[in-house]
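Beneath this line is the structure, given in structure tokens, with notes to follow.
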Amino acid sequence: MTIGSLKQAKEKKSQKNKQAVVDEQSPLLPTKHKEDAGFDEFDGASFSGAVFNLSTTIVGAGIMALPATMKSLGLIPGIAMIIFMAFLTEASIELLIRFSRTSKSASYGGLMGDTFGKYGKMLLQICILVNNIGVLVVYMIIIGDVLSGTNSSGVHHAGVLEGWFGTHWWNSRFFILLVTTLGIFAPLASLKRIDSLRFTSALSVALAVVFLVVTVGITIFKLMNGTILMPRLFPDVYDITSFLKLFTVVPVLVTAYICHYNVHSIENELEDSTQIRAVVKSSLALCSSVYVLTSLFGFLLFGDATLDDVLANFDTNLGIPLGSLLNDVVRVSYAAHLMLVFPIVFYPLRLNLDGLLFPSARPLTCDNLRFASISSGLIAIIFLGANFIPSIWDAFQFTGATAAVCVGFIFPASVTLRDRYGIATKKDKILCIFMIVIAVFSNVVAIYSDAYSLIKKNSSPSE
């Protein structure tokens with residue numbers, strides 16, 4: 001066999017792998033069409049690019065909430081839960097991939113449509129819209145808070161640019177977010193292939209590692225000086241309310257690992273789509289390692305003073321040399337990280353909205369006017385939300401976590417239990433029942449806990 005024939009055989013294998021997952025009616029796939037010649041010239045995404053894109057999908061704002069889970073659960077159960085949720089996420093994605101290939105569905109939406117019909121597909125699309133719009137609004141709010149400052153309970157927290165240059169019109173929240181939107185979000189969101197974001201994804205992961213390295217360094221320095229107290233290893237449970245409150249961390253952990261809506265898009269751009277399982281495992285291993293280390297050292301550093309968003313802890317005096325500089329490094333690197341995560345989360349949001357509004361239209365990548373209109377409209381909505389309704393944080397944190405639980409566990413489990421093609425094992429079905437029970441129970445408890453806290457907070461002044 002000659003070198004030329006070997007190359008031809010490899011190309012045929014790659015094309016065969018891609019053809020096995022083609023579903024032109026799926027809204028989550030930038031499908032190849034003959035009339036889209038430019039897109040057909042794409043030779044396939046690399047393994048490393050796919051890992052970075054999926055890792056960036058996973059590591060968003062959730063990383064900042066994880067140290068607070070240590071405060072709720074204690075160090076040992078908290079780390080165990082982060083690792084457990086990584087395995088559970090891998091299991092749910094494996095079910096998606098397996099059933100997608102059996103049904104020849106090229107996307108999550110296609111699989112839901114094949115299993116539950118058009119209403120199942122629409123339900124998934126709505127959940128992704130709720131989750132991703134909420135997440136992106138929160139990202140933009142955080143970026144505004146970090147760079148231009150924020151007011152909380154009558155106290156003004158200066159932003160990085162305000163601290164460096166003082167208060168000016170050009171470092172106000174509106175102007176900073178406008179420049180960020182036009183200069184960063186819009187150009188990156190205009191890319192039609194998710195693989196085009198592989199370099200920004202790699203940089204995004206690197207910035208998350210910068211935050212981790214600085215946190216680890218500060219913690220080790222304070223440990224050597226003996227200024228860190230022994231952390232709580234287990235949760236404080238003294239009544240039924242405190243026990244039920246432990247389950248409120250589950251939606252946070254689910255949100256931290258949600259990436260299911262991008263798995264099919266990444267798989268369909270891989271040169272060899274059979275690598276998707278290895279991509280998922282590598283991404284989850286990388287992200288869970290970052291999560292464990294961030295949670296461990298973040299909780300060691302701040303202890304019971306750890307806030308729900310640990311980034312807020314870096315707005316105070318760390319009590320170390322160059323503490324102010326390190327605070328700025330952490331906050332700026334995290335804001336830049338979120339800027340680069342934005343287009344990865346925006347990509348499936350745009351495709352799902354297009355699939356919901358124009359289910360019978362030709363692929364979005366083939367219609368420049370529709371592509372530009374949907375992209376511009378979504379970016380404008382997110383921009384306005386971040387500027388004019390910043391209290392949306394709590395509401396979208398709640399709705400996003402609820403939608404994320406559906407996308408991450410309830411829908412994959414439902415597809416498996418429906419088992420239209422008879423490929424689910426008894427072990428699969430037991431696992432899926434467990435997923436649904438823990439997802440529904442934890443969300444009910446979270447809703448109860450949040451509602452109880454809100455009622456108690458609103459009634460306390462009148463007492």
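Don't overthink the numbers, they just go from 1 along the chain as shown.
Including glycine, each Cβ sits where the backbone N, Cα and C put it.
According to TrEMBL, the protein carries these features:
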DOMAIN    45-449  domain 'Amino acid transporter transmembrane'
REGION    1-27  region 'Disordered'
TRANSMEM  50-69  transmembrane segment
TRANSMEM  75-97  transmembrane segment
TRANSMEM  122-143  transmembrane segment
TRANSMEM  174-191  transmembrane segment
TRANSMEM  203-223  transmembrane segment
TRANSMEM  243-263  transmembrane segment
TRANSMEM  284-303  transmembrane segment
TRANSMEM  332-349  transmembrane segment
TRANSMEM  369-389  transmembrane segment
TRANSMEM  395-418  transmembrane segment
TRANSMEM  430-449  transmembrane segment
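Long-range Cβ contacts of the transmembrane segment (430-449) within its own chain (Cβ-Cβ under 8 Å, at least 6 residues beyond either end) map to 88, 91-92, 95, 244-245, 247-248, 250-251, 254, 398, 401-402, 405-406, 408-410, 412-414, 416-417, 424.
The largest share of C-beta pairs under 8 angstroms with the transmembrane segment (174-191) comes from 369-389, of the ranges 50-69, 122-143, 203-223, 369-389. Between the transmembrane segment (203-223) and the stretches 50-69, 243-263, 284-303, 332-349, Cβ pairs under 8 Å are most numerous for 284-303. Here the listed stretches are 122-143, 243-263, 284-303, and the one with the most C-beta pairs under 8 angstroms to the transmembrane segment (332-349) is 122-143. By the count of Cβ pairs under 8 Å, the stretch nearest in packing to the transmembrane segment (284-303) among 50-69, 122-143, 243-263, 369-389 is 50-69. The stretch in 122-143, 243-263, 369-389 that contributes the largest number of Cβ pairs under 8 Å to the transmembrane segment (50-69) is 243-263.
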